[in-house]
Amino acid sequence: MATTSLDLAKVRNIGIMAHIDAGKTTTTERILFYTGVSYKIGEVHDGAATMDWMEQEQERGITITSAATTCHWPLEDNDYTINIIDTPGHVDFTVEVERSLRVLDGAVTVFDGVAGVEPQSETVWRQADRYGVPRICFVNKLDRTGAEFHRCVDMIKDRLGAVPIIMQLPIGAEMDFKGVVDLVRMKALVWSAEAAKGEMYDVVDIPATHAEAAEEYRGKLVETVAENDDEIMELFLEGQEPTEEQLYAAIRRITIASGKGDGVTVTPVFCGTAFKNKGVQPLLDAVVRYLPTPLDVEAIEGHDVKDPEVVVKRKPSEDEPLSALAFKIMSDPHLGKLTFVRVYSGRLESGTAVLNSVKGKKERIGKIYRMHANKREEIEAVGAGDIVAVMGLKQTTTGETLSDDKNPVILESMDFPAPVIQVAIEPKSKGDQEKLGVAIQRLAEEDPSFQVHSDEETGQTIIGGMGELHLEVLVDRMRREFKVEANVGKPQVAYRETIRKTVERVDYTHKKQTGGTGQFAKVQIAIEPITETDGPAYEFVNKVTGGRIPREYIPSVDAGAQEAMQFGILAGYEMTGVRVTLLDGAYHEVDSSELAFKIAGSQAFKEAARKASPVLLEPMMAVEVTTPEESMGDVIGDLNSRRGQIQAMEERSGARVVKGLVPLSEMFGYVGDLRSKTSGRASYSMQFDSYAEVPRNVAEEIIAKAKGE
């Protein structure tokens, strides 16, 4: 059995990011085919793609789970290991994307050559900016009617604010697309019609028809590189032409550096058509040439277990103590629970004990696997910089840190958004009851954006997620993987409540002093709205002095206020954006207790919230509709009728794009209405934007319904 200490300079941990349908899974499939892992090319069209291994993904033709796959690629006499994290492109699964980005060193962003930069492309681009992930771009589908390489490059510049370095020019357009001009080597790469799977291509002189454009764009390439790299700038100013090697090295430096700073992202752009097997091998060369190794990435930062203020750094070396992040949990039908782990420092060995430093619990490492999309290879140990799947972790959930128990560290935790949509779910029979509990527990372990609670009044189980598709897929998985038959209610919007006014003082005394052990707690609190846009959902400030309330009771007041926030004043929805200040209080030597102060905190909060002008908030979705011009009036009218606010309109490749903010509650069933209004020619995407106050007339209806009036 293999034990692996890879040469980290020859490792690339990459993700492939894109908008749904840009051809991301097809591109990944081709990469796996050309790197020799997959002997048959899996097509998304016929549901056979290797990465899309969950049944629902194969039916829907979209990628839901980021499966980690290891493959190998030779370049210039070296063999490189590429770990690919396949990320979903549908907005309901942005949590998966965030989680994958956290463990990547670099990424390939795939764009649809016809549609260009689409809404979800912007979302994942911004997420990659936030995590400082260096990127290269691949403009795909150049064989399609309406594909325009240069328009797509302009959109990368204008809509993403990036600086593209055009590395290739297409040879031929649409159906006649047959290869690319390599602007560094100044050669043409042409795929012959005979090699149906595109495994062979010829490196030839640039055709005369493309010579002038090649010269022009080669000049632009050198200029862009010079503007971003001092070494090439010196050559440029001296009038010297850089060599291939100098350009490769400079583009690598620029690509890696642009992920680190807060400056503009500079990104090499390649092109091809994955479906027609053209342009994928040069893309693999580019992954190796330009994307960072684990050694290029700065030391991972975490914090001390006892003191979150103390920063702890770990270099990507096997000599450092172990630090690893669990970024994905999956249920394998044969192996049970698998935890996908990125090792940042030290070594992870099968059969050893490690510490889950978030929970303070010891875990035993079972078998370690290198995963292909749906096949596996067992290894004994794994070193820094690698990504593997581990068996045997019982307590570890997504986003938690595994470390050496003598040198514990907590790596930066991931914050996941609260669900915006909920449905009630109940088992069809007694036999399904237990299975439903197991299914929900497993799915919640795998997916932190999937949340579960019981409705105290109805006793129903409520599940929440990031959108209708997200919940559909989860319910579908319950049925297929856990054999649970369940009735699912209508989707409900996750409203919130907040306050608009500051209440400077509310006194509350909790007293029960008749017979038996008494209870006594007196608190005085103030509450105010948290107005900062990125402020916390809740904040507790303690201003009690002189021991008026003993220190051990203060957290109970905080806990009581937080408990009261779970069920708002108006309609019982969770409250958000409230700062509670504990000003004063009193206690009794015998009768005071943690429980008494918790009750006092809870009741004082409720009283204060009633006086603080409570309002209802609703999730607003950023909606983008692409429609033929003749249907534009109908589309805008329809969005207005749904209480939408139109924010922008633009033209994109012959169609009109309408952007707006629309309440989620008004968007149920929108796909059918849009189809009928535009004869099926329009498409839309939406994602959560923010919470906004509900207009009074609508709020009154929601409140009345919640109270059962």
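One-based numbering along the chain as shown.
Positions of Cβ are set from backbone N, Cα and C atoms, glycine also.
For 18-25, 86-90, 140-143, the entry in Swiss-Prot reads GTP binding site, with the evidence type sequence analysis. The DSSP secondary structure for THR87 (GTP binding site) is coil.
Swiss-Prot lists 9-295 with the feature domain 'tr-type G'.
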Secondary structure of LEU142 (GTP binding site) (DSSP, helix/strand/coil): coil
Local Cβ density at THR87 (GTP binding site) - other Cβ atoms counted within 10 Å: 27
